[in-house]
Amino acid sequence: MSATPVSSSSRISRSGSRIASAYQQGAVVLFGALILYAVGFLPMNAAHNAAHDTRHSLVFPCH
Amino acid sequence: MFRALVLSACLIGIVLGLAMTAMQAVGVTPILLAAEQYEVSHGPQAVAGAHHDHGHAGQAGHHHDETAWAPADGTERLFYTAVSNILAGIGFAAILLVVMNQLHERGRLMMTAGRGLMMGGLCYLVVFVAPSLGLPPEIPGAAATALESRQLWWLATVILAAAGLGLLILARGWQRGLGGLLLLAPYAWVPAHEGPLFSHPDPQAVAALTELHHSFIWASGLTNLAFWLLAGLLSVIALQRLTGIAQGHEEARD
């Protein structure tokens, strides 16, 4: 009753933008996970040596 | 939203990475370097044949492929560590920002400094404490099981701890029990190393390494706590700006 009437088209566009926002936030999580994989898990020797002290400090399994 | 979140994560990551590098330089790196002393000189054999090439592929435990590129000790190593710290900060911040934003959108998290510190503390429990209970922080030279199994266990533990803690705090009734189960599940099987932690032939070196290991647990524990508290606080500040809470306050004040 106290709710303001919302036209169906704006409701649709709002739910559309919510889905788009969910995709975008999923992409942000993926972005973060990829970076963390590179820093903490990449088995390449050069990557391990460059990030060695970081891996130890953040207690990623190392060696 | 994507751009704004990634940009915030980058800014937070830079601050976190630099703070981490400073704390590491004081508390953590000296311990790692000291432990590496024992690692490079591989006991009496190396002392006896000082000119011998270190071709010890069969050495048990830790060994570095010495043909691979590695940053030189000193400035270069510090630089690469700082870059890796910043990247790790960006990665963690990106995920934390989305989690906090989702909780905020669902009305489960207020964007206050106190709540930010609380989220940081929870992240500390999930990302540092939970895996460390099974696989304590390690210094170079410590013996351990195959890397891949430990990495998988680490990942599973962090994900289960996040899910478990989230359920314990947010859910009601039987789902809370499920959260507790998820928290405990990883410890049913831990890829821990059997036998002595340090296989160094010199007992004095083993004693020194054990002591270094204990101080490393403290140093990394405190460093990570500071890292996560700062991460939570900075994420709140970033999300306040993104969702316009801070601007609303400023306008109201004007």
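Note that Cβ sites are derived from N, Cα and C of the backbone, with glycine treated the same way.
Quick look at what TrEMBL lists:
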REGION    B:47-67  region 'Disordered'
COMPBIAS  B:50-67  compositional bias 'Basic and acidic residues'
TRANSMEM  B:78-100  transmembrane segment
TRANSMEM  B:112-132  transmembrane segment
TRANSMEM  B:152-171  transmembrane segment
TRANSMEM  B:178-196  transmembrane segment
TRANSMEM  B:216-239  transmembrane segment
Query: Ranking B:152-171, B:178-196, B:216-239 by Cβ pairs under 8 Å to the transmembrane segment (B:78-100), which is first?
result: B:216-239
Query: Taking residues 6+ outside the transmembrane segment (B:152-171), which of them lie with a CB under 8 Å of any CB in it?
result: 108, 122, 125-127, 130-131, 134-135, 178-186, 189-191
